[in-house]
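Inspection log for the structure reproduced underneath, given as structure tokens.
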Amino acid sequence: MRDPGKGGGMGVCARAALGLGALWAAAWGVLLLTAPAGAQRGRKKVVHVLEGESGSVVVQTAPGQVVSHRGGTIVLPCRYHYEAAAHGHDGVRLKWTKVVDPLAFTDVFVALGPQHRAFGSYRGRAELQGDGPGDASLVLRNVTLQDYGRYECEVTNELEDDAGMVKLDLEGVVFPYHPRGGRYKLTFAEAQRACAEQDGILASAEQLHAAWRDGLDWCNAGWLRDGSVQYPVNRPREPCGGLGGSGSAGDGGDANGGVRNYGYRHNAEERYDAFCFTSNLPGRVFFLKPLRPVPFSGAARACAARGAAVAKVGQLFAAWKLQLLDRCTAGWLADGSARYPIVNPRKRCGGRRPGVRSLGFPDATRRLFGVYCYRTPGAPDPAPGGWGWGWAGGGGWAGGARDPAAWTPLRV
């Protein structure tokens, strides 16, 4: 159970019915929130607010969810009401926590009068909106992938308190992943690390279901954030759970497949693939075709010559989905796989559906490709106009032990 005293918090007490029905005549209210500069991409967001049961403290939050993206700014809406004649606002404690498990919370932000404090990774990013008395909304800046999830807004006034829940969702893309070792090689903890190494986090069941509705079809089971193992099938076939029916979760039926669900598995012993989630890229992914295709060992050197690093799998998926990167040429990625992104399907580029095509994990020393690079925001391109560096005598960036001081400009 959640410790009522942890972090200075108090449990939610029984609400006293103080006859506030007249003050809450409407069952629904509408709260218009305007995010700070740059938030919500300059758009105003109308949030429908559900009013709770009458009591000395009543907290209002948004049913449904609010949506942002990595690097964005979002307002988590929360307002409260109580009898101002009986209590002053200075004695109200506001506490935001994040739900990490059904019975586990982590502290985000606490305010008591003029005293405010943010915790952990939220330091320097979280603050109260402060839009007049009764506003407990939290402004969250520079949103990260780890910020995704449910947040509780708790308001305490002496012995009375109430709480509401806000769900923060992120714009992004779900992608299946397995390492070079092959399929079904990851425990739950290893799947978490694999996603993090590829610029992602384990996807939630809700995110996987949304990806299925958007067309994701993948006939291999993978871990999700809650410890369950599932996989999405849009084109039902016998090797992928049959033609629908009992194995499907969601509203697909026999014709449209569904999300097959293995339930919660033993996370330290059983092994599956992973379904990862990533969001908006702060930088840019681009394809680099050196003077000559390179083995994997030359990929990092090729990108470094352009002020970049070899792109991770999640970065390529984000560039494909959110930046509409379309390139019908395979290139190395940081994990040793070779892939290419297709926005506009054509026959010679791997089929009739958009997606990130994979050539698996080719021989790192014998197979030669270009490379997908990722450049962080503000990083200069030392070779503008398509010029890079290599050895004019041959070998390009795969030249092994050759002295970099002897590199000469080469057209890339």
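Any Cβ shown, glycine's included, is placed from N, Cα and C.
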TrEMBL pairs CYS328 with one of CYS303, CYS349 in a disulfide bond, so which one is it?
CYS349
Restricting to the same chain and to sequence separations of six or more, state which residues have a Cβ under 8 Å from that of CYS240 (disulfide bond).
CYS219, TYR231, VAL233, GLY257, ARG260
Counting other Cβ atoms within 10 Å of each residue's Cβ, which of the disulfide-bonded residues CYS328, CYS349 comes out lowest?
CYS328
By a simple count, how many Cβ atoms lie within 10 Å of the Cβ of CYS219 (disulfide bond), its own Cβ left out?
14
